[in-house]
Every structure is written in structure tokens, then in C-alpha cells.
Amino acid sequence: MAKQKIAVVGAGLIGLSTAVYISESISKCSVTVISDKFTPNTTSDVAAGMLIPHTYQGIPIHQQKQWFRETFDYLFEINNSSEASDAGINLVSGWQIFKTIPDEVLPFWSDVVLGFRSMTEEELKKFPQHRFGQAFTTLKCDCPSYLLWLEKRLKENGCQVYARRIEDLWELHSKYDIVVNCSGIGSRELMGDLEIHPVRGQVLKVDAPWVNHFIRDGDGLTYIYPGIHNVTLGGTRQKDNWSLSPDPRSSKDIFDRCCALEPSLQRAQDVKVRVGLRPSRLAVRLQKEILVHDGKKLPVVHNYGHGSGGFSVHRGTAKEAARLVGECIAALEGSSLKAKL
Ligand SMILES: Cc1cc2nc3c(=O)[nH]c(=O)nc-3n(C[C@H](O)[C@H](O)[C@H](O)COP(=O)(O)OP(=O)(O)OC[C@H]3O[C@@H](n4cnc5c(N)ncnc54)[C@H](O)[C@@H]3O)c2cc1C
Ligand SMILES: O=C(O)CCC(=O)C(=O)O
């Protein structure tokens, strides 16, 4: 049987990790990644890259937990190998703090991260405005390093990578047997999917190597995330705002909020402002669709709409997308066998 030709649209975290998973788990295919932007110019490059799940309202919790666990286990293994610094993966311990006791004292992911516990009274003294906190250890990606590492894996696996903007997935019909759509917020235009919308995020990347503990305010708006090359200070969550221009007032506000939690950041150097549009949706779209034109068919697997949580679940959703691609291959092989009989 000839190898099935698979095109993955999008070279952000989701496209690259899905292409890597397909190329490593399905032998009877060739994989090509096609994208109009690559690292360092994707939303995925802007992210803090912390493994702290965000809840998708439209997906059962057990499914989200499984995606998170698969992602955590995968990155933990890389972190525990000689690849860790090339892939940009570090372990980071810290605190999530709350001004009032949260409804969810034990979040669904508490037994996936390491050493989850409530903060002690002594620890809480660092944060006089906060009454409750959770201490744990999780993983963090240095996003541009991780994307480059995934690109390297793809090339080692013999995959092709092309720069091109796709206006309509049907353009790919003549050259490819199956298309995997990982175009993030681009799916709003590409698929006409009005359920996906941008949630604008502005962050500061600063040099402050003495900051080793993460701090996250439970409202999700203010965070300090130390990584391998810099510390990410956040943030903003501005629904339906498409602006990629940095807003100086937001930068000052972010800096002041973070310094209120960690005063030593006043001495941070080399402050860079980054803006990204989270591809937000009630549920990640992980689904097969058959496009039909003039009686011809093109199977598509969608994997987009990861919102604020792409890094936290990407390996799990890549695995599920690869499973759907496997189903498409089985169906194509079945129909070509029938045609021969
Ligand atoms: C400020 C900020 C902080 C974040 N922090 C975290 C965090 O700490 N932890 C976490 O889990 N998540 C975080 N996220 C969320 C995370 O960044 C996203 O969920 C993730 O990056 C989405 O990846 P993606 O590949 O779907 O999208 P993208 O990175 O946007 O990639 C989409 C790709 O598709 C391509 N594309 C789109 N349309 C077309 C087209 N028509 N033709 C060809 N190519 C196309 C683009 O060029 C791009 O390569 C954060 C996001 C932001 C903005
Ligand atoms: O929410 C967090 O703590 C991680 C950062 C993030 O996911 C975001 O800003 O979207």
C-alpha cells in the first residue's frame, strides 16, 4: 500500500507537536507541515509555557485530565534526559495564591503535578493580601526553544516544512490525502469558525535570574514564571481584542502587579514586551470532517482552539489527533481495496 500523504497546516505548538506525534506513531505516511508563520513569530512563542491547565467548559474533566497527564509525563521524561536544555524544559516550584478561599481547593490536576499541598501559614506571610495558597512543582517550556526542538525532531523524522498561507483547505486536495488543521486563531477565517475568538495576552519577559519560585494569583491575571532564559510576567486577558501592538499602560500595570507580589523584581533588567492572541473556544475542536467538492473527498482532522492551555495539554491532543488520522488512513485503505475488488 502506498504511503498516505499528510499535510499539517500550522507551525505553532499544536501543528508541530501533532506532526511529530503522527510521524513517530504512524509508519505508513509522509508528513508535511505548511504554515504562513514559524517560530519566533507565532502565538506559541509568546506564551509563558507553564503546565497549569485551564478548564475547557465544553470537554469532560476526565478527558482534560488525561490530556494534561499525557503532556506532563512526556515533558517530565524530556526534562529527565540530556535533551532538557535543548528542548527548553525546566521543573519549577512555587505558589498559587488566593485572596479568598477558592471553590476548588483541590483542582482536578492536583495529583498530576508534583507535591501538591496547601501552603503553610509561614509561607503565606510573604503575601499579606492573600489568605490561602497551594504549593506545587510543575514544568515550564521555554517556548521558542521547545518549538525549535520540535522542528528539529520533524526534520530528523524526514518530514517536509513549507512556508505558505492557505486560503482554503481544498487547495491541498491535489497533493495530499489527509489534512490536519492546526491553524489556531487562523481557523476563524480558514474554516469560518465563529466559535473561536481571540483573548489578547500581553506579557513582559525580563532578566531576573534570582527569581526561582513561580507565583500565580488565583485569578489568573497576575503571574511570575521563571524559565531557563528569562522570567515571564503577566498578564492581560482581553476578549475579542485583535491588537498585537504592545500597550505601555498595560506593561506598567503588569510590572506594578508583579512587583507587589515579588518586590525584588524592581531590579529586573532587559524588559521585553510580547503580545499574543489566545485561540479560545469553549472546547478544543478535535474532530474529523470530510470535505467534498465535485464528488471528490478530502478527509480533515481538526486540532485547534486550545485557548490559554495549549502548552498544558498539547501532547494529549496531538495523540488524539494522530488517532483520528489513523482512522482516516484505515478508511482510505478500505475504500481503495474495495475499488480493486
Ligand atoms: C500571553 C500568553 C501566555 C500563555 N501562557 C500559556 C501557558 O503558560 N501555558 C499554556 O498551557 N498555554 C499558554 N498560552 C496559550 C498557548 O500559547 C496557546 O494555547 C498555544 O500557543 C496555541 O497554539 P497553536 O499552535 O494552536 O497556535 P499558534 O501558535 O497561533 O499557531 C498557529 C499556526 O497556524 C498558522 N496559520 C494560521 N492560519 C494559517 C493559514 N491560513 N495558512 C497557513 N498557516 C496558518 C500560523 O502561522 C501558526 O504557525 C499562552 C498564550 C498567551 C497569548
Ligand atoms: O494561566 C497561567 O497561569 C499560565 C499563563 C497562561 O496560560 C495564559 O496567560 O494564558
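Glycine too: its Cβ is placed from the backbone N, Cα and C atoms.
Where the annotation comes from TrEMBL, it is an automatic prediction and has not been curated.
Here TrEMBL flags THR43, SER44 as FAD binding site. The feature D-dopa binding site is assigned by TrEMBL to TYR223, ARG278. Positions annotated as domain 'FAD dependent oxidoreductase' by TrEMBL: 5-324.
Rounded to the nearest whole angstrom, the C-alpha distance between TYR223 (D-dopa binding site) and SER44 (FAD binding site) is 18. The binding-site residues THR43, SER44 differ in how many other CB atoms lie within 10 Å of their CB, and the one with the most is SER44. Here the CA atom of ARG278 (D-dopa binding site) lies 7 Å from the CA atom of THR43 (FAD binding site).
For the pair SER44 (FAD binding site) and ARG278 (D-dopa binding site), the Cα-Cα distance reads 9 Å. According to DSSP, ARG278 (D-dopa binding site) is assigned to a strand segment. Cβ neighbour count for ARG278 (D-dopa binding site): 26 (other Cβ atoms within 10 Å of its Cβ, all protein chains included). Annotation note: TYR223 (D-dopa binding site) sits in a strand segment as assigned by DSSP. In this structure, the binding-site residues that sit close to ligand 2, with a C-beta under 6 angstroms from any of its atoms, are TYR223, chosen from THR43, SER44, TYR223.
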